[in-house]
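Engineer: Under the heading region 'Disordered', TrEMBL lists 1-26, 364-383. Sequence annotations record features per position, and here TrEMBL assigns domain 'Neurotransmitter-gated ion-channel ligand-binding' to 35-239. According to TrEMBL, the feature transmembrane segment maps to 242-266, 272-293, 305-327, 431-449. Summarising the annotation, TrEMBL assigns domain 'Neurotransmitter-gated ion-channel transmembrane' to 247-353, 384-447.
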Amino acid sequence: MGTRTGLGSRVPGSAAPPAPAPRAGGRAAQGRLAYKLLHDLFDNYSSALRPVDDTDRALNVTLQITLSQIIDMDERNQVLTSYLWVRQAWLDAFLAWDKDAYGGIDSIRVPSSYVWRPDIVLYNKADEQLSGPTETNVVLRSDGRIVWDAPAITKSSCKVDVSFFPFDGQQCRLTFGSWTYDGNQVDLHNRLDAGDLTDFVENVEWEVLGMPATRNVVTYGCCSEPYPDVTYTLLLKRRASFYIFNLLLPCILISFLAPLGFYLPADSGEKVSLGVTVLLALTVFQLLVAESMPPAESVPLIGKYYIATMTMITASTALTIFIMSIHHCGPGARPVPRWARRLILHYMARIFLVYEVGESCKGARPRRAGTEEPGGTGAAEERAGARGGCACPHGMLLSNVGYIAGCFREQRAAQRRASDWKKVAKVMDRFFMWVFFVMVFLMSALIVGKAV
């Protein structure tokens, strides 16, 4: 690598700089030497060819990525927008000089368009525009080494797995490689084992766990030459606080309202309305989650919770309708079966503390329908028959009184049957209320346990 001293050519793409006016002092001398060095370096230099002495040797290029900011993660379109600092370094065999011959100048900075640059691109780019790094200056050193630092806003495709949303983590890959040069011409290496995160600006939604780098050599089906690339894997973990307080917690609170529908009195007329209102509220939250998620086969964790809760509320509404039909059994209904009377009215009523007005757990059992009170009309008739005579001088009057007493007995028996069915409905309400409370608690504990 010899030092060139020709001054007849101009820098490609630029006009020849005017000669500086002579000034006294070392700074003016350094300026003249820098202009002379610039002309000497780019005399007959072409930025179109690979700068190697031996064309059979590969040019080593090192790559270093610094993650500055995560701008956006579009889960629905599976696109990651990030702000990167890209540093590329290589050795140009035609841009070396003897720094002693130029007043000790060890490095200069020139526009990047003046020198040959490797065509390193982002393979998994998802941007419509094919723009590369910003046209910044490059640093030339006296040994021919070139360092090019350029910022870039990249949009890369990222396979998003939302199975555990909002407690999910993502792995987004950024694959860099040469677009036209194979491994025999440009050999790409990563300078560090991981991306640099020292200047990373914290993101409100995502936490960066790391950014390991790996070098791969791939042989594609179109070509027999190897193509090296460097892949940076961005490890992200979602900050779930926003989704817990805005999507998950309201759903949990609403789901706890569903079992309370069994506690409402059947005569209020609001039992079914409460279940339908809760179901509609959960449907709204389900639509909010579906709008931000990609249309994939995997259902997010919060979506499964919504579906399970909506299924539970639908079942509770159906059971409420069934229990209300039992509650409103009229006087013409059949008596409560013996097994139901023993299981529901005897055991379950005590377990769930369901008593009628004036009845307690230590009170006497309720009389069965048709049981006559002492001293009633039937007892008076038996006493009259035992004396062998009529208690009333008019037999027709006694017959009418007996008919009226029979009607009262039938009416009381019908009221007792209706009261028993109402009590059965009330016991079933309490039973299903606790069953659904336990189900809501277990589902909520399961979904919250994923966050730990």
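Placed from the backbone N, Cα and C atoms, the Cβ positions cover glycine too.
In TrEMBL, annotation is done automatically, which means it is predicted and not curated.
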Engineer: Using a Cβ cut-off of under 8 Å, list the residues of the same chain at least 6 residues beyond the transmembrane segment (305-327) that approach it.
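Structural biologist: Sequence-remote neighbours of the transmembrane segment (305-327) are 248, 251, 254-255, 258-259, 261-262, 266, 271-272, 275-276, 278-279, 282-283, 285-286, 289, 299, 421-422, 424-426, 428-429, 432, 436, 439-440, 443, 447.
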Engineer: With a Cβ cut-off under 8 Å, give me the same-chain residues at least six positions beyond the ends of the transmembrane segment (272-293) that come close to it.
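Structural biologist: Residues 75-76, 162, 165, 247, 250-251, 254-255, 257-258, 260-261, 264, 300, 302-303, 306-307, 309-310, 313-314, 316-317, 320-321, 324.
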Engineer: Over the span of the domain 'Neurotransmitter-gated ion-channel ligand-binding' (35-239), how high is the average pLDDT in this prediction?
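Structural biologist: Overall, the domain 'Neurotransmitter-gated ion-channel ligand-binding' (35-239) comes to a mean pLDDT of 91.
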Engineer: Could you give me three numbers for the domain 'Neurotransmitter-gated ion-channel transmembrane' (247-353), the DSSP helix, strand and coil residue counts?
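Structural biologist: The composition, in the requested order, is 79 helix, 0 strand, 28 coil.
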